[in-house]
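Engineer: One structure, as structure tokens, below. Some questions next.
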Amino acid sequence: MDSDDEMVEEAVEGHLDDDGLPHGFCTVTYSSTDRFEGNFVHGEKNGRGKFFFFDGSTLEGYYVDDALQGQGVYTYEDGGVLQGTYVDGELNGPAQEYDTDGRLIFKGQYKDNIRHGVCWIYYPDGGSLVGEVNEDGEMTGEKIAYVYPDERTALYGKFIDGEMIEGKLATLMSTEEGRPHFELMPGNSVYHFDKSTSSCISTNALLPDPYESERVYVAESLISSAGEGLFSKVAVGPNTVMSFYNGVRITHQEVDSRDWALNGNTLSLDEETVIDVPEPYNHVSKYCASLGHKANHSFTPNCIYDMFVHPRFGPIKCIRTLRAVEADEELTVAYGYDHSPPGKSGPEAPEWYQVELKAFQATQQK
């Protein structure tokens, strides 16, 4: 973000003083192909100016005696933005970062261009990390916390570079000037980063998620022949994360090559990975660390599957409400099977889904 190091002027467009130095508003192109547009006073940047770097990023602010001072805006090549406080050309002081969609992803302090002090990292799903960063600006220490999307439930303890090593259930009681105050909850459950593999769903399959446990329960579904279903414990508004969908991680090829009977609890995570909750883990007596796989299908669902970065499970999907949901209401999602796969006459879906689809389409035509 500091482009002044060993930069050699290649071309100057604008007024020059008697010594041939940029003076007034000028555009200076450097040997690195970086470009600066702004005000100069006898060869030094003074006043508003903007760097255009070779990689597509930019840095804009107010220069005094050739150095950026005060508020500056660095725009990454992908469109993300860092708004920070500069002293003598380096980040020193409060800063905020935003992603390409304008969502806040970082809030904290910088010292000599490195994150410093208590910092917050925000995920698009609503969760966050908070704590005092180490000398390298990393979320490493004994007093770091992951805060769930309710901005209250937390896992507090030891993290290394943002990865939970040992967390205990806590409640975020208050935040004063960016500093959080946590209160540890009774109990001796310990949580740690436990990303599943193709063969291990969890090293502690019967340890429930504390956030999920407050919001959902499993009971007999109200949908005919659907078995168990997922229900809301509490009344919530729209866009609320209710449950998590963890499972073993397998490939799309593996899913596509086996019988539909084995794919009852599969959910695509991305182009490479499918999350699966196979036997015997579809029984809560064998696995209850996450319950999202218990949500049944509906063509008029009250929830959706959404991406989620979980402190324990890693990248997974969650179940998020589409609308307000009442206590004891069953949570449903659209399974999203392909209704018109190429080269096939009918949908690529299990038989029960095809039957329900025809019935639903019939009601829509009335």
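Easy rule for this one: first residue shown is 1, then count along the chain.
Positions of Cβ are set from backbone N, Cα and C atoms, glycine also.
Taken from Swiss-Prot, the feature S-adenosyl-L-methionine binding site covers A226, G227, E228, N296, H297, E356, and the record attributes it to experimental evidence. Feature annotation from Swiss-Prot assigns domain 'SET' to 214-336; the stated evidence is sequence analysis. The repeat 'MORN 1' annotation in Swiss-Prot covers 36-58. The annotation repeat 'MORN 2' is assigned in Swiss-Prot to 59-81. Annotation source Swiss-Prot lists repeat 'MORN 3' at 106-128. Look at Swiss-Prot and you will find Y245, D256, T266, K317, Y335 tagged as site 'Histone H3K4 binding', backed by experimental evidence.
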Engineer: Cβ atoms within 10 Å, counted per site: which of A226, E228, N296, K317, E356 has the most, among these recorded positions?
Structural biologist: K317
Engineer: On a C-alpha basis, identify the one among D256, T266, Y335 that is nearest to N296 (S-adenosyl-L-methionine binding site); the candidates are the recorded sites.
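Structural biologist: Closest by Cα distance to N296 (S-adenosyl-L-methionine binding site) among the recorded sites D256, T266, Y335: Y335.
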Engineer: Between the Cα atoms of K317 (site 'Histone H3K4 binding') and E356 (S-adenosyl-L-methionine binding site), what distance do you get, rounded to the nearest Å?
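Structural biologist: Cα-Cα, rounded: 25 Å.
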Engineer: Can you grab the distance from Y245 (site 'Histone H3K4 binding') over to T266 (site 'Histone H3K4 binding')? Cα atoms, rounded to a whole Å.
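Structural biologist: About 10 Å separate the Cα atoms of these two residues.
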Engineer: Round to a whole number and give the Cα-to-Cα distance in Å for the pair A226 (S-adenosyl-L-methionine binding site) and Y335 (site 'Histone H3K4 binding').
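Structural biologist: Their Cα atoms are separated by 14 Å.
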Engineer: What is the average pLDDT across the repeat 'MORN 2' (59-81)?
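Structural biologist: So the average pLDDT across the repeat 'MORN 2' (59-81) works out to 97.
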Engineer: Rounded to the nearest Å, what's the C-alpha distance separating T266 (site 'Histone H3K4 binding') and Y335 (site 'Histone H3K4 binding')? Just drop the number here, would you?
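Structural biologist: Between the Cα atoms of T266 (site 'Histone H3K4 binding') and Y335 (site 'Histone H3K4 binding'), the distance comes to 10 Å.
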Engineer: Would you pick out, from the recorded positions Y245, D256, T266, H297, Y335, the residue whose Cβ has the largest number of other Cβ atoms within 10 Å?
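Structural biologist: Per the Cβ count within 10 Å, the most buried is Y245.
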Engineer: Using DSSP, how many residues in the repeat 'MORN 3' (106-128) fall into helix, strand and coil?
Structural biologist: 0 helix, 16 strand, 7 coil
Engineer: In sequence order, what residues of the same chain, 6+ apart, have a Cβ less than 8 Å from the Cβ of G227 (S-adenosyl-L-methionine binding site)?
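Structural biologist: In sequence order, E220, S221 meet the Cβ cut-off.
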Engineer: Treating G and I as helix alongside H, and B as strand alongside E, what does DSSP give for the repeat 'MORN 2' (59-81) in helix, strand and coil?
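Structural biologist: Summed by class, the stretch gives 0 helix, 16 strand, 7 coil.
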Engineer: Secondary structure at Y335 (site 'Histone H3K4 binding') (DSSP, helix/strand/coil)?
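Structural biologist: Where Y335 (site 'Histone H3K4 binding') sits, the three-state DSSP reduction gives coil.
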Engineer: Nearest of the recorded positions to Y335 (site 'Histone H3K4 binding') by CA-CA distance, picking from E228, D256, H297, E356?
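Structural biologist: Closest recorded candidate to Y335 (site 'Histone H3K4 binding') by Cα: H297.
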